Ligand code: 6R9
């Protein structure tokens with residue numbers, strides 16, 4: 001498949017879903033909001049001046065010479081400036097007398113806890129920086145981090161940033177092969193890992209996977225191992241080093257050197273349409289400026305009083321930007337949770353909210369739909385009255401899931417912000433500002449101040465209100481990717497070739513009659529039914545709005561009559577029984593009733609699970625293989641590969657539904 005996202009068919013994206021609900025900002029929030037409506041005008045008048053002002057949120061060792069140098073598609077932000085990301089996240093808060101402030105309340109899955117202040121974090125980061133230096137890591141070397149969700153993961157990232165060694169975090173759920181190919185591409189010199197981590201009540205092995213991945217990769221000189229579970233591990237003398245031996249004995253003093261604003265901060269791999277993952281490169285000054293600003297603006301962060309929780313994995317860009325760099329650069333107090341939401345019981349998330357008095361929570365629609373499936377009675381058992389802002393990220397949030405989140409988690413009181421962004425954008429790009437913008441269920445609403453995002457047609461022309469098309473960014477932004485590691489041509493081809501000088505990374509969107517933006521999923525997933533481009537998102541949202549449906553995934557399959565026909569996979573809510581022909585008919589009629597007959601699925605299959613990536617994105621590509629009766633493509637980035645066997649086994653039953 002070509003790497004540039006596919007074009008849709010003859011017409012623009014159909015706009016089938018009509019949504020009229022809208023929630024104005026809560027009055028108390030609006031009255032005290034960090035950002036007011038004039039930020040949009042200020043930024044529009046002079047975007048570079050706007051971002052220059054935001055850069056002053058950080059401590060710089062040397063002032064930049066220019067705000068932006070733009071040689072499309074290569075940008076340099078704050079060139080000539082120098083700073084240290086680790087100092088900005090840790091030291092400066094301690095120096096300002098906030099050393100005793102809690103940086104993280106960490107909650108392990110088995111129930112063990114740790115509270116880490118900024119002063120403690122500083123000591124640990126410095127010790128780890130010293131240990132990495134002793135292991136031979138120097139500025140510019142890459143360090144791989146393959147860890148569970150424990151404080152040492154953050155500490156290792158900040159230690160790398162401190163010495164200027166770009167980190168490359170690989171999600172702890174990924175396979176040996178996925179880790180291996182990322183080690184090859186980044187040529188990492190050291191791997192930081194743990195013996196294992198806890199997930200679903202079990203200790204899973206990480207060190208064993210690293211052993212296998214590193215066996216034929218002599219470029220990896222050392223493996224630094226945190227003892228987390230206490231399980232037995234194999235040991236290679238000379239190569240393997242225990243964290244508690246290498247780090248604990250180090251001095252907590254480390255003089256941090258300032259790095260160039262454009263010095264690489266990290267590489268984060270994201271899978272494209274081809275097998276070879278892309279190493280997305282982020283640098284220091286612009287990235288930190290935008291994550292710091294967006295974390296403060298979008299979540300209306302009051303660093304003194306808020307308790308912020310991103311319930312996501314650090315191995316996803318959301319964890320990098322909103323567990324680590326955003327909250328720490330703002331001196332916030334965060335919660336970090338190691339495990340799964342159903343261990344040891346399905347109320348675990350809400351128990352965490354109650355225990356720590358979480359005020360701002362950020363999570364993915366996939367989690368929200370799972371909670372819907374488990375039932376309203378579970379969150380109802382906890383006091384969550386502290387919550388004032390709820391964020392969503394990773395996929396379009398279905399209106400029904402938004403309403404559920406708002407009501408059952410936010411008590412119809414908290415503001416919901418649906419935030420659109422990507423690994424490539426580094427930070428939030430399109431989102432309501434909770435004290436300024438109204439929220440509509442399912443809409444990401446407006447580009448943030450200083451962000452030139454737009455929806456365009458085939459020719460790159462802005463679509464009018466009521467139109468659909470491609471989500472693009474017109475102007476460079478501070479936290480934009482600086483390239484694909486080692487492959488500038490692929491960077492140009494992937495993101496900058498579909499439209500001249502516009503950044504396009506694959507999403508479809510529409511602009512409603514009020515000018516607000518709705519994301520409609522990947523244009524690769526768009527279905528062409530009888531000449532109409534129909535987004536999977538809208539059909540999925542229509543299915544989820546049925547009271548018996550918790551989750552759904554929709555794909556287009558070849559059809560002799562309509563070109564493509566809609567095939568849906570659905571997961572029932574806890575109380576819905578087991579499906580059957582009557583329910584399937586009811587659901588098909590329900591979709592036709594909400595979106596029109598054109599969107600009526602040809603076939604609906606009830607399944608127990610859907611194939612998902614680490615960030616909860618549904619892998620529709622695999623469902624298309626199933627719907628077309630083809631052999632499955634690459635499943636290496638699935639969180640649980642047995643899911644596909646379960647779904648394939650269901651197939652013969654589903655035939656009768658047609
Ligand atoms: C942060 C993150 C990026 C893709 C993106 C889009 C989808 C993310 C979304 C959303 C609709 C939102 N996406 N947030 N779609 N509404 N609020 O998820 O990064 O893992 O790189 O994925 O996720 O399709 O292009 P990443």
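Here the Cβ of each residue, glycine as well, is placed from N, Cα and C on the backbone.
The feature domain 'Acetyl-coenzyme A synthetase N-terminal' is assigned by TrEMBL to 38-89.
For 93-485, the entry in TrEMBL reads domain 'AMP-dependent synthetase/ligase'.
According to its DSSP assignment, residue 318 (CoA binding site) is helical. Marked as CoA binding site by TrEMBL: 199, 200, 201, 202, 318, 530.
Taking all protein chains in view, 24 other C-beta atoms sit within 10 angstroms of the C-beta of residue 421 (ATP binding site). When secondary structure is read from DSSP and collapsed to three states, residue 421 (ATP binding site) falls in the coil class. TrEMBL lists 394, 395, 396, 418, 419, 420, 421, 422, 423, 507, 522 with the feature ATP binding site.
Summarising the annotation, TrEMBL assigns domain 'AMP-binding enzyme C-terminal' to 538-617.
TrEMBL lists 544, 546, 549 with the feature Mg(2+) binding site. DSSP gives residue 549 (Mg(2+) binding site) a strand state.
Sorting the domain 'AMP-binding enzyme C-terminal' (538-617) by DSSP state (H, G, I as helix; E, B as strand; all else coil) yields 25 helix, 26 strand, 29 coil. Following the DSSP three-state reduction, the secondary structure of residue 199 (CoA binding site) is strand. A 10 Å radius around the C-alpha of residue 394 (ATP binding site) takes in these binding-site residues out of 318, 530, 544, 549, in sequence order: 318. Among the binding-site residues listed (201, 318, 423), 318, 423 have a CB atom closer than 6 Å to some atom of ligand 1, in sequence order. Residue 201 (CoA binding site): 12 other CB atoms within 10 A of its CB, across all protein chains. Each of the binding-site residues 318, 530 was scored by how many other Cβ atoms lie within 10 Å of its Cβ, and the smallest score goes to 530. In this structure, residue 522 (ATP binding site) is part of a beta strand by DSSP.
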